[in-house]
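Colleague: Okay, handing you the structure first.
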Amino acid sequence: MIYSHLSSTSCTITTGCKVNLNLYITGILPNGWHKIDSIFLPLSEPHDELHIEITNHNQGLHLSCNILDIELENNILTKTYTLFTKATHFTPSISIYLKKGIPYGAGLGGGSSDAAALLTWLQKNSPLPLSPSKLLKLAAEIGADVPFFLKNKPCRATGIGEKLEEISLSNLNISGNTLFIICPNLKISTPYAYKMWDDYNKKQIATSSRYNNNLTKKYSWDRSSPSTHLSDYLWMKNDFEPVIFSEYTELSVFKEQLLQFGARAAVLSGSGSSIYGLFKEYNQTSIMTEFYKKKNILTFSQLLQ
């Protein structure tokens, strides 16, 4: 997250997003939450902006947004403010204007990223900040991906996503590649996606005899073969794809298109709806940008360094 327009009473925070380089669903907890094993990769684009201003209206939190159909009463920012003030008794009167640039319902973690930004701001401004361990615990209570955005570094996430192990980008063997993200005009609710997965698997946990905890040994592919797709390899998979693609067939078409354009891998991010491709050369993405622009489909690209 990046701070700008910083003053004693206001600031603007730019928040990035994430993609899942893989996503395995490894169990279901008694409370219905799902255990995962996933690689989270933070990205600077697309991004949101939070303009936070301290007011004198004794109103608690006032939230507004440039997207009209985003729910404000039940928003994750409201939840963040409520839980932090309850834990610390720090109740600043603030107004937040949220400028959405990250498509929501796209599996990019925009809401969790915004929550982490607000949580960081509250922590920095609180006269009685939480200890690091309590802050992480509160972040996980807000949302499973929020602890990751507090770190904002490549991580292997386990548990419900709150147990994080930092990973060097160089160890993933993807430095120098370009990530190209397609964000179709389609919103997929994460709870609905998990329900579809549960129904598809008849409450049985998906397992693979090829999958084990030594995942870090498998962050590579045969660079000598130009036709090799990363998606042929164990680690770049997403357990949501069979169920999501059966319901939203257009997403499987996007994946196939990315592979036809020369992607070394094409994978659904999170529970969707965004699909990304990994390309060896940055200039490969310019043709795709124009191709999808003509179809009024949002795309983003980022060189991984």
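Think of each number as a place in line: the chain as shown, counted from 1.
Glycine is treated like the rest: Cβ placed from N, Cα and C.
Taken from Swiss-Prot, the feature active site covers Lys18, Asp145, and the record attributes it to sequence analysis. The ATP binding site feature in Swiss-Prot is assigned to Pro103, Tyr104, Gly105, Ala106, Gly107, Leu108, Gly109, Gly110, Gly111, Ser112, Ser113.
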Colleague: Where does Ser113 (ATP binding site) sit by DSSP, helix, strand or coil?
Modeller: helix
Colleague: I'd like the Cβ neighbour count for Gly111 (ATP binding site), meaning other Cβ atoms within 10 Å of its Cβ, all protein chains included.
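Modeller: A 10 Å sphere around the Cβ of Gly111 (ATP binding site) contains 28 other Cβ atoms.
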Colleague: Beyond Pro103, Tyr104, Gly105, Ala106, Gly107, Leu108, Gly109, Gly110, Gly111, Ser112, Ser113, what residues of that chain have CB atoms within 8 A of the centre of the ATP site's CB atoms?
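Modeller: Here the nearby residues are Cys17, Ile102, Gly270.
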Colleague: Once near-sequence residues are set aside, which residues in the chain of Gly109 (ATP binding site), 6 or more away, have Cβ atoms under 8 Å from its Cβ?
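Modeller: Listed in sequence order: Cys17, Lys18, Ile102, Asp145, Phe148, Phe149, Gly270.
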Colleague: Going by DSSP, give the three-state secondary structure for Lys18 (active site).
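Modeller: It is in a strand.
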Colleague: Say we define neighbours as other CB atoms within 10 Å of the CB. Which of the binding-site residues Pro103, Gly105, Gly107 has the fewest?
Modeller: Gly105
